[in-house]
Amino acid sequence: MIDKVIIQHDFRYVIQDVQRGVVEKERFWIYINDERADFECTGKDIVSLGAWKFEEKHGDIVLKNGSKSITLKQPLSVTNADYEISCLAATDDGQRAIGGTQGQLKFISSDGKCVEVDNAHYSDVLQIQYFPSKQVAMTIGLDFSIKIWSVLDGSNPRTMRKHTAMLTALAAIGRGRNIVSGARDGALYIWECASGQPVWEFRRVKNMTDPVVGLAVIDTEETGNDARPVSDSIFYETENKNLLVGYESGVVSTYDLGTRCFLGEFSAGDKMSAFAANKEILVTGHSDGTIRCFRGSEKIWELHSDEEVRKIQISDRKIFCLQRQVAIVDYNGKIDSIFSDYYGLNDFCAIPGILYVACKDKTLKKINL
């Protein structure tokens, strides 16, 4: 079971006021699995008024009740935005990108330089991804379009339109001369970035309108940097790569990107709402709060909660699951820690050692892992 934790939004100020002598003592609360726990600050001590004990360790909060322990990650820094952030992306060299609920887009370089684009999409920016070069990014929007951007100057050399339903998934194939996208009407397109045109369409034969929840491009063999086109000049670096697709019905399908052939499918459970995969594992999230982890088509563990799973990411041998909070889970299904925000979360992005979280109060928070 994934524990739900909500902490009083100004608890840090409560603690600081007591420690600075502004007040003699003051209380704050934490809801743990919908039950309230109260704590009182007196001098430098935080006294539990119930069963749960409050500790701080390496900047994080540890809640203990007998043998049970919950680690609540705390932000290292908080950045205020001028608008509500709908999505974000980050690279391991310190670049970040954020999209807004009114079509705003901002690229932030590792040295803090910002490139801003107003009206990048007509409405919400739904997803941002960097290409492997990290000099180019792609976005999907609520306007059904895919756009490619220079992160250096914000220019938009390609806009791709074909989808007729809300886009839900996007990935680069190899270095990104081809990309693949999926939408809620069941359509999956391979795009050639040079022309901006779709060059292949996949649909699930048994249910052609099964909504796409997520997808992943998986290398089945190391091809190195000398990868060559397969069959003709519109498909690049597709050899020895599979496309894994999670559908709302709960089905996971596999396609060979080199031959564009269907390889098989299995059921991961009903009402899938989130999907992620790499070469080692495949993880699905469901609208009933269930999270399942597979090796191939074999389930190795599952976790339960009572809130819909909105996003899953696998990074640095950890699984990050977004519900009202972000739960950080290891490959064995053990919950490592939780990040929760009083105002709620819109999106997150994990890179090795760091978690970035977009909160509903127009803030971007950075958490050390």
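From the backbone N, Cα and C atoms, a Cβ is placed for every residue, glycine too.
Per TrEMBL, the features are as follows:
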- 118-159: repeat 'WD' (REPEAT)
- 160-201: repeat 'WD' (REPEAT)
> What else in the chain is close to the repeat 'WD' (118-159), if you only count residues 6 or more beyond its ends and a Cβ gap under 8 Å?
Replying inline: 86-89, 91, 93, 95, 97-105, 107, 109, 165-172, 174-176, 179, 181, 183, 191, 193, 196
>> I'd like the per-state residue tally for the repeat 'WD' (160-201) from DSSP, helix first, then strand, then coil.
In response: 0 helix, 25 strand, 17 coil
> Per DSSP, what is the residue count of the repeat 'WD' (118-159) in each of helix, strand and coil?
Replying inline: 0 helix, 20 strand, 22 coil
>> Please compute the mean pLDDT of the model over the repeat 'WD' (118-159).
In response: 97
